[in-house]
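S.K.: Straight from TrEMBL, here's the annotation block:
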type     : residues  : note
DOMAIN   : B:127-417 : domain 'NADH:quinone oxidoreductase/Mrp antiporter transmembrane'
TRANSMEM : B:6-23    : transmembrane segment
TRANSMEM : B:35-52   : transmembrane segment
TRANSMEM : B:64-95   : transmembrane segment
TRANSMEM : B:132-151 : transmembrane segment
TRANSMEM : B:163-184 : transmembrane segment
TRANSMEM : B:204-229 : transmembrane segment
TRANSMEM : B:272-292 : transmembrane segment
TRANSMEM : B:304-329 : transmembrane segment
TRANSMEM : B:335-356 : transmembrane segment
TRANSMEM : B:368-386 : transmembrane segment
TRANSMEM : B:406-427 : transmembrane segment
TRANSMEM : B:448-470 : transmembrane segment
Amino acid sequence: MEIIMSVLAGMLFTAGVYMMLQKQILKIVIGTALLSHGAHLFIITMGKLNRGKPPILSEDVTNYVDPLPQALILTSIVISFGVTSFLLVLAYRAYQTNGTDNMEKLRGNDNE
Amino acid sequence: MSNLAILPILLPLLTGIILVFLNKRLPLVRMITRIMVIINLVVVSGIAYNVLQNGTIVLKAGDWAVPYGIVLVADPLAIVLVVTANLIAVACAFYAFNSLDEQRERYYFYPLFQLLIAGVSGAFLTGDLFNLFVFFEVLLIASYGLIVLGGTKEQFRESFKYIIINLFSSILFVTTVSFLYAVVGTVNMAQLAERVGEIKQDGILTTIAILLLIVFATKGALFPLYFWLPKSYTVPPTVISALFGALLTKVGVYSILRVFTLIFVYNLTVTHQILLILAGFTLVFGVIGALSTNNVQLIIAYNIIPAVGYMILGIGVFSSTALAGTIYYLLHDMIIKAALFFLVGAMAAYAGTSDLRKMGGIIKNQPLLGWLFFIAALALAGLPPFSGFVGKLLILRGAFEEGHYVLAVIGLITSLLILLSVIRIFINGFWGEAKQDKVPDVNPTKGKIVPAAFLLVFTITLGLGAEFIYPTVQMIADQMIDPANYIDSVMKE
């Protein structure tokens with residue numbers, strides 16, 4: 001199970017990097033979203049995937065799921081959600097102000 | 001007692017939140033900001049005194065035992081950096097009143113500024129690798145807000161690149177932390193250091209160390225990952241450039257310093273060798289960039305890069321002399337970069353352009369600005385008796401002692417070139433014929449020189465007072481060279 005998840009996360013990374021290398025701003029934003037999904041899958045996989053067990057350790061629980069990756073992934077999801085929504089707004093404003101969404105044209109060739 | 005460790009984060013955070021609600025009343029916001037940055041500096045200095053006298057303060061959040069809960073560790077290194085960061089916050093707060101247009105002030109400059117300080121202090125104080133990521137995000141999100149503040153064309157163009165590169169490195173950071181967790185089963189730095197030491201850092205841990213290095217090198221602008229820095233640091237208004245230049249890259253350098261002196265110190269031939277090579281390239285390429293442009297702000301922004309190179313050189317050499325030099329240089333560089341950005345900002349405001357070829361003869365009407373810039377330039381290049389000298393001397397002495405002659409020579413030559421790059425501003429901008437047709441009616445440097453002078457006083461203190469400050473820095477470095485000190489201070493009780 002861990003291997004399948006790792007492969008899946010790897011595929012998300014590949015797709016994310018591919019999207020980030022595109023010229024269109026919106027595709028880059030989607031790329032970052034895919035990358036962060038890949039990272040989140042990694043976090044949850046690293047804590048060993050176990051089903052139907054409680055994420056606590058008390059006296060009568062001997063078999064438990066590691067709760068730490070779950071706390072980490074939650075924090076990370078919230079952050080990437082916030083940043084992605086900010087990026088979408090920024091991409092739109094940048095498109096409006098600069099009149100283009102092509103990164104090639106946003107190089108800034110002013111040789112100051 | 002141990003609760004003191006969270007105050008440097010809590011004070012700016014709460015101030016920032018309160019300022020969001022008062023946003024409509026600008027005079028009130030300005031007043032609260034002024035008062036709070038000073039209170040914060042006093043509080044932090046008090047904590048620093050306490051830490052340096054009585055040893056590390058460890059705050060266990062919710063009173064959870066150390067490896068399980070979140071810890072904040074105010075050890076001497078962290079608290080000294082927090083004090084310096086707050087010093088810059090004070091100067092920036094006062095500079096902002098006189099340099100930002102009202103539109104930008106109204107659109108949440110002050111709340112974002114406070115949140116940035118909270119994030120920077122948090123990143124210095126945290127004792128947990130995942131929380132380092134969280135505080136990185138806090139300060140980065142505040143910086144995203146600051147870099148687009150004003151919404152000009154150039155800002156949108158450069159900020160998008162800045163955000164994407166930082167976002168990518170943050171995602172890589174989370175992934176690396178999860179790898180590390182899978183291998184050693186903890187994210188607490190003290191326990192990480194202990195466990196990595198027990199299993200003697202085999203291949204996979206070295207790989208993880210390199211991944212972490214890539215993350216921090218992106219944030220700290222190391223060769224070859226510095227390409228995003230110069231332009232994105234020059235598009236926002238001066239006060240924001242100063243904040244970024246003084247604080248953001250230094251958090252990256254601090255992270256490298258922490259991780260490669262505490263956790264990954266068992267395979268020096270790989271990790272620290274890479275640090276040394278990168279340091280050499282960073283020095284050379286950064287200074288070439290600084291010499292290649294005529295834009296005064298860009299020259300200062302490029303000068304951030306060789307400074308990072310010096311600090312990484314000190315970490316790579318990894319002896320207690322070199323580490324003391326790195327810490328000294330880190331403190332010096334935070335202060336001097338903010339001061340230089342202030343001064344060139346005032347210069348550009350006076351001349352009405354940031355192109356060096358269109359400036360000249362400013363010293364005739366602005367003698368104080370001119371001489372302050374001269375002092376700052378000498379301090380940046382590391383001439384005695386200013387602060388840059390002590391740090392560089394220690395780093396290079398460390399490099400010579402450990403037999404890294406080539407790098408030490410590169411460091412010395414780079415010093416000269418840095419001096420050339422900033423003196424060029426002084427000669428072309430302040431000397432010669434005035435190229436301006438008329439003197440502006442309102443003095444554009446009003447209120448901009450005092451914050452810069454305030455910071456330069458500390459530069460001179462760091463340089464002339466080395467006799468008093470150096471023993472403390474050497475003590476911090478001696479503690480850092482042996483990870484057991486940090487581990488014991490966190491894990492005890």
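For all residues, glycine too, the Cβ spot is worked out from N, Cα and C.
Heads up, TrEMBL stuff is auto-annotated, nobody curated it.
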S.K.: Counting Cβ pairs under 8 Å to the transmembrane segment (B:406-427), which of B:64-95, B:132-151, B:204-229, B:368-386 comes out on top?
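M.R.: Highest pair count goes to B:368-386.
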S.K.: For the transmembrane segment (B:304-329), could you work out the same-chain residues 6 or more beyond its ends whose Cβ comes under 8 Å from its Cβ atoms?
M.R.: 77, 80, 220-223, 226, 229-230, 233, 245, 249, 252-253, 256-257, 260-261, 265, 268, 272-273, 275-276, 278-283, 285-287, 289-290, 337, 387-388, 390-399, 401-402, 404, 407, 411, 414, 418, 462, 469-470, 473-474, 476-478, 480-481
S.K.: Mind checking which residues reach the transmembrane segment (B:272-292)? Cβ under 8 Å, same chain, six or more beyond either end.
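M.R.: The answer is 210, 213, 217, 222-224, 226, 230, 256, 260, 299, 302-310, 312-313, 315-318, 404, 406-407, 410-411, 414, 417-418, 420-421, 424.
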S.K.: Given pairs 6 or more apart, does the transmembrane segment (B:448-470) have at least three Cβ pairs under 8 Å with the transmembrane segment (B:204-229)?
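M.R.: No, the transmembrane segment (B:448-470) does not contact the transmembrane segment (B:204-229).
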S.K.: Apart from its near flanks, which chain residues at least 6 from the ends of the transmembrane segment (B:35-52) lie with a Cβ under 8 angstroms of it?
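M.R.: Apart from its flanks, the transmembrane segment (B:35-52) reaches 4-5, 7-8, 11-12, 15, 74-76, 79-80, 82-83, 86-87, 89-90, 93, 114, 117, 121, 472.
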S.K.: Compare B:6-23, B:132-151, B:204-229, B:368-386 by their Cβ pairs under 8 Å to the transmembrane segment (B:64-95) and return the stretch that comes out on top.
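M.R.: Against the transmembrane segment (B:64-95), the leading stretch is B:6-23.
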